[in-house]
Every structure is written in structure tokens, then in C-alpha cells.
Amino acid sequence: MRTTFFSLFLLLFGAVSAQQKNAPLPTIIPEPVEMTSGQGQFTISRATRVYAADKEAEKSAKYFIDYFNRHFGYRLALAKKDAGEDLIVFSDRKNGETSGGYTLTVTPEAIRIEGNDGPGVFYGMQSLIQMLPTRGGVLPIIGAVTIRDYPRFEYRGMHFDCVRHFFPVEYVKRYIDYLALHKMNYFHWHLTDDQAWRLEMKSHPELTAQGSTREGEILGLYPGTYRKRPYGGYYTQEQAKEIVEYAAERYITVIPEIDIPGHCMAVLAVHPEFSTEPDLEHKTAQTWGIYNKFNNVLAPKPEVFAFLTDVFSELCDLFPSQYIHVGGDECAKKWWKESEQAQQFMKEHNLKDEEELQSYFIHYVGDVIAKKGKTTVGWNEILEGGLAPDAMVMSWQGTSGGITAAKSGHRVIMTPSGYSYYNNLQSRNQRQVTHQGYLPLDKVYNYNIIPDELTPEQAANIIGAQACLWTEYFPTTGKVEMALFPRLSALAENVWSQPEKKDWERFLRKMPDQFERYDLWGARFSEDFFRMYDLPYYDPTTR
Ligand code: ACM
């Protein structure tokens, strides 16, 4: 009798403890489609080997080896074959299923990442990165788990204005790395505006020689804070190629933007003859915003169209991206209204108003881009006056432009400023001077990308979303990161995770780990969030 009881006890205890051995689920941002915890764990030791089953998977394997070495202090060696235990295996199934999808299996014997394609292997690897300890030096023990995952949207973008303030190549790469760590796949690079032209053009070297500097700038919101001191910088084509390559290794496409026909003071500073007022003095802007105060539009002249052919042809040749961004936003029509030459041009070309003239410009560069086999993308104002059928729209003035475009069969990226402009404050406590909108983390997270009024076919035209970081008030990388984090993490979950996997409370519970990762990466962020969202305070000395 005693023995039987004792055996029963052992049996029950054994079952319970076996159950307890199921590893806790990892905290991964963005939340995967499906995670099932298993039993046991895998420890990445100095003896662990990494095996890449093919050339494509090798890219992700090498990225992982570098990341691991940077944060944990030892370099894992590559194995020659997929045999034995203590292996991390990367392979590309090339199975034609959803691009970016992957499965990741952790057992005590091995970690296996199988991607549907190259990006899939990479994203599986990013999930593995998020299963590593959030602090270097802690033993990398990974609980057994099976993850099945794929992205919700094909376009997951982040923009960076490198005009209002200039950021060196090394920092642009770092920014791209932050995107990669969040499974983002498009980097929208804003390269020209009123304040500067920041990309070397072989056909027009004068643009950067004379148009990449300004005499001074306002430092805060008010003109009283003006400081006179030359400010400038630009990217050579070699540097642009280096950035494109760096991004491509991370499965990120760089979409370059040359903003026309407004936002062109830097062009006019170099070529006053391109203006509707060639006799006025034109300079690169030293303040921000469009106030109808400065004439910043291109005039519809033959030499301007020849110029546009040159720069957009060159842009298409330089950037492998299928999408080329033409800006098209905030073009102040007043200057065309007041210009005899522009009015004459409109008459000759049967353009009934200035909206149609704007459309003429966009169609013109659209043709140059199409001849190169590429697709035009522009801000929602490109809808004014009619749009080329294959052009793609970024809806920034709310969602109505995106809705109109989606209904008329155009592809759309949602970037509504109220949910997507990280130049707005994210904490009421913030001392930083910024644009005065308020965009806290929960608003970013809970933004509903697909408007309810679209039919499923129309909704399919919305291929993703993007956030924008305009840098008028962000002269330093520290300030950039205080604006970027933690909102980038919320955006990533919004564009990657399936709607039914979105859960604000769970997201918040994951954030303390994510803050530790930011620290691990050397990213700066405000500690306000612990107070705002009542999170356990993260103190690196106690964790
Ligand atoms: C924009 O914010 N002007 C696109």
C-alpha cells in the first residue's frame, strides 16, 4: 500500500515537473503568428556551430554571428554540414509561400530557422536575436519553442529626413540597423528640400556644390532663436551605393526622394532661372515650413524639364528600388498663379488650373521613371489633377487621400501624420522642442491601418504603412532616437503582426525587455515611458 502511494506520488510529481519544464514563451516584438513552447533549452556556447544550408541563408547566419559576437563576446564558427548536435541551422526553403515567412524551432539539440525565402530566414534570425538575453554577459540559454510566423503587410516602412538636418553615413547605417531589428523592409530617404540638396548628381554637380549648405537656421520654434552659422553636408554617390548595399544585406529597400515641384528652394538657390521669379535673390531656406512666404516652386520651363529628366534618370540608375519618390507635397500654387510665364504655359498645354500643372510635372517625371522600368511614388497631393495609373500614393494628410487612391485602384502606403509623424511629441513631459502634435506610443500602436469603409478588394491596395521622422527640431542623433523609440517598436508590431495578435497590454508587458534591448544596442530613449504606462522601472544595475 505504502509503495503504491509512493509510486503514485512519484508519477504525479514527475508529470507536474515535466509540465513545468515547458519553457516560458519569449518576448518577441513584433508578436509572431504562433508560438508553442517545448521542453528543455538550448545554450549557445563557444562550441556551438552555425550552419547555413545555402548562399542566401548564409547572409543571415553571418549577421547573427556578428550580432552575437558584438553583444556576447564570442564568435561562433560556421559548420561544414548539418550533422550532429549543438547547431544553429539557417536554410531557405524557397517554397513560394508568403515572402518573409519562417519557422523557428528550438530544441535542446539544435536551433533551426527555415525561411520561405531570404527575407524569411533573416526575420527568423531576428526573432532568435530577440530570444537572446537582453543583457550581454548573461548566459545565452534559449527555451525550447516552435514559432511559425509571416508578415501582415508587404510594405513596412520608416522614413528619415536627412535634409533639415544632416546625418553622416555611419549614422544612416545605424538607423537602418534599427529598422532591420524590427523586421521593417523599406527605408524612405528624404534627400532634397528647401534647406538643401543632399545627393551628389553627376549630371548636375552644382546642386551639392552650392545647394547643400545654408547660412544659418532657427534653433527652436521661433525666428528669435536664429543663429547664423553655415550648416551643410551631402552624400556622394559612392556613399549612397554603400547605404543601398548595407540596407540590401538586411533585406531593406532604400526609396530615395527628390521632392518636386515645390520644396525646391535649394534648386532655385543654385538655378534662379528655374524660378517663376528669376530676378529675385534665391537662397537655401534657414527656417522651416511652407508659409507662402518663400517662392519654392519650379517654373514650367523647357530647361526645368530637361533638368528633371537628368536628375530623375540618374536617381533611377543609382537606386535599385522599384519605387522612386517624387515628393509632390505642399506645392504652393500661388507662385504659378502670379506668374505670367506659368499661366502662358498652362494655356499652351490646355491645363485648366494649377492643380493640372502640378499633375503635369508629376506625369512628366513619372514618364522618366517609367522609361527606366520603375514606379512613381509620391505624397497624396499627387492625386490633384489626375494620377498615372501605376503611381503609388503615400497618404500623409490624414487617410482620405489613401482611401480615394485605394478606391481608384492605386497602391497606397498609409502615413497619416496624426499617427505616423514621429517629429511630434510623444510625452507631455518632453522638454524637446518639436512640432506640437501629440503622438504617444498607444496611439501609434492602436492605429488601424485599413480604413473600415474599404471593400476587401480596395483594402488589398493598401500594401502597408510607414512612419516619418522629419528632423527640423532633431539636430542630433540623440534627439532622433528619443523620437524614434519606443514608437518604432509599436509601428513594427502594427505592420507585421496579424490583427488578432495585436494586444496593447501584452505589448506593454514586453516593453521592459525591449527597453533593455535598446540599451544593449546603445539606442537612446526617454525614461518617461515607465511613468506614462506604469511599467516596472528598468534599472540596469538591478536586472
Ligand atoms: C509632408 O509632410 N509634407 C509630406
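Any Cβ shown, glycine's included, is placed from N, Cα and C.
As recorded in TrEMBL:
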type: SIGNAL; residues: 1-18; note: signal peptide
type: DOMAIN; residues: 26-150; note: domain 'Beta-hexosaminidase bacterial type N-terminal'
type: DOMAIN; residues: 153-498; note: domain 'Glycoside hydrolase family 20 catalytic'
type: ACT_SITE; residues: GLU330; note: active site, proton donor
Subject >> Where GLU330 (active site, proton donor) sits in the secondary structure, as DSSP reduces it to three classes >> reply: coil
Original post:
For the domain 'Beta-hexosaminidase bacterial type N-terminal' (26-150), DSSP counts of helix, strand and coil?
Top reply: 30 helix, 42 strand, 53 coil
**OP:** Pop the mean pLDDT for the domain 'Glycoside hydrolase family 20 catalytic' (153-498) in here, whole number is fine.
**Re:** 95
